[in-house]
Amino acid sequence: MNITEVCIRKPVLAWMLMAATIVFGLVAAQRIGISQFPDVDFPTINVSVTWEGASPEAVESDLIEPLEEAVMQVEGVKSITSTARQGSASITVELDLSRNVDLALQDVQTKVSQAQRRMPEDVDPPVTSKTNPEDQPIMWLGVAGPFSQQVVSDYARYRVREKLQTVPGVGEVTLGGSLERNVRIWVDAQKMDAQGLTVTDVINALQREHVELPAGRIETEGREVNVRVMGEALDLTALRSIVLRQQEGATVYLSDVALVEDGFEDTRRLSRANGNPAQGLGIRKQRGANAVAVAQGVHQVLEELRKDAPEGMEIGVNFDSTRFIEESVHEIEFELMLACILTALVCWMFLGSLSSTLNVILAIPMSLLGTVAVIYFLGFTLNTFTLLGLALAVGIVVDDAIMVLENIYRHAEMGKERTRAAREGTSEITFAALAATLAVVAIFIPVVFMKGIIGRFFLQFGVTLCVAVLLSYVEAITLAPARCAQLLKTSREHRGRVGQWVDRVFVKLEGLYARVLDKALTHPWWVLAGAVVLLSVSAFVFQALPSEFVPSQDQSRLTVRLQTAVGSNLQETDRLFQQAEEVVSKRPEVLRVFSTVGGMGGSGVNSGQLMLTLLPPDERMSQAEFQQVLRKEL
């Protein structure tokens, strides 16, 4: 007794299997992550180092050269690209595709740590990271208001950031270009000369006095106590009281020759939201989390924060990639529904029976929801590629069901009882349906084994489509016969006017096809010549088509990168950026402008960017047209 026989004899089992598959699929659809792209690690590792105030030449000789020597020792390195800037260095390591990126990252971190010993002491610790679309911020927020930069920065750090970190699915909240608090010591040159001191004396005194060190331990009978030297200054008063020199009974304190005050590090970056000083916050989601759900949670927290925010403090969303993701998901859901309706219509027109049409249509949720359950357990997400596979599968998953149903229908028209027709019709077509299914799988299975970055992205597309097709075959030889044994009707006596008209049209189409086929069989060389011409034209058109990794899409957001002349200071760059902001703000298509002037970590003060939030696409010109207009105006 084969599986088809079991399902026909035990229809309750068949219905329960279908219901269980649909339930599992619905549960998986609620839990599966949603993102724009698959979770793919690019075969690149980035190393960035900051050295405040260093020239590009010094950065190259003291930072890049030792780092390159160290990283070249890592297995699987294909190429290294380095860039030296004022105050910073960036190194991009390209790996062989066969190299595990996570293991390579650990090796690079080890080599970078070893190379750090050869670098100057005042260099910031190198930052090593890999490239993955899942690690990019899904949202950028801006906190702005008519307050000092210190107030805005502290509110963003200690209020907004801490609140956002409690949102389920949020992995990290980064502060974009925030200023760290520093104690600033302003030395008076005249007082230093009067005391016979130099700046080196001040630095040595701070290194000697402003320090906390372990001092061993004290062992007594039955007890042991750790000892440490409490020499670190905890406030400004203690810092001002640091002794610089004691000579002939006279003590010179730091406050005697310098002004000590609380402040921030040097300003090398400015941020504004709609013209007001702002602090940027980037929201990164956890791997595999639902980006849309995370964004919804963030918006709820923002509403709570706005109620308690100081008067004039604005918390806005400068960039939200999940809006486009959500729109894409809704659009594909609509396309899936439309595809189901059109498939049902076509099936009804060909099969001529509502019961037969219903039987075929039930194969769609069975196959698609079963596929969602499978890709959920495989760790995939609903992204552009898996949704593309599901949308393409709608028209394919009904093929096996139609093939089996049509053969069962033929046996029923021969006068056989429904159960017998279902059993014999299915067994007769089982291997033919299997061959058709494997043919479709054979077309798409090579996508799973594609090499390169594109192959890693299309892996989920290929797996999704193949799983859907295989599930449709299983459904066609198990559940479809069981439904036919209970629901199939073969009578055409009660066909309505539309059905009768469809039958007449198909009779005429059948005659037309027979005549065309007869001509083709009579003149096979003409058919072959036409096929060769069509193939040649297609190959020529294929070569002429432009190619790109991801097509440009109107996402109602735009980033404008600007750079001033080399050597421009922050003030000059900011002056020109304010002019650009004024031009952009006058455009009716722009809702919000968030600008960042200068680089992070003391580098790139002659560059920056404007993040523009635009009106919905139906309320303005296309994004491509707006880019051209804005480029001319700027």
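Glycine is treated like the rest: Cβ placed from N, Cα and C.
Annotations in TrEMBL come from automatic prediction, not curation.
What TrEMBL annotates here:
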type	residues	note
REGION	114-133	region 'Disordered'
TRANSMEM	12-29	transmembrane segment
TRANSMEM	334-351	transmembrane segment
TRANSMEM	358-379	transmembrane segment
TRANSMEM	385-409	transmembrane segment
TRANSMEM	429-449	transmembrane segment
TRANSMEM	461-482	transmembrane segment
TRANSMEM	525-545	transmembrane segment
Other same-chain positions with a Cβ less than 8 Å from the transmembrane segment (334-351) and lying at least 6 residues past its termini are 357, 360-361, 364, 368, 390-391, 394-395, 398, 402, 405-406, 409, 502, 506
With the greatest number of Cβ pairs under 8 Å to the transmembrane segment (429-449), the stretch among 12-29, 385-409, 461-482, 525-545 is 461-482
Residues outside the transmembrane segment (461-482) whose C-beta sits under 8 Å from one of its C-beta atoms, at least 6 past its ends, are 3-4, 7-8, 11, 14-15, 17-18, 359-360, 362-363, 366-368, 370-371, 374-375, 378, 380, 385-386, 388-390, 392-393, 396-401, 403-405, 408, 422-423, 425-426, 430, 433-434, 437, 440-441, 444-448, 450
The answer for the transmembrane segment (12-29), taking Cβ pairs under 8 Å and residues 6+ beyond its ends, is 6, 362, 365-366, 368-373, 376-377, 382, 475, 478-479, 482-483
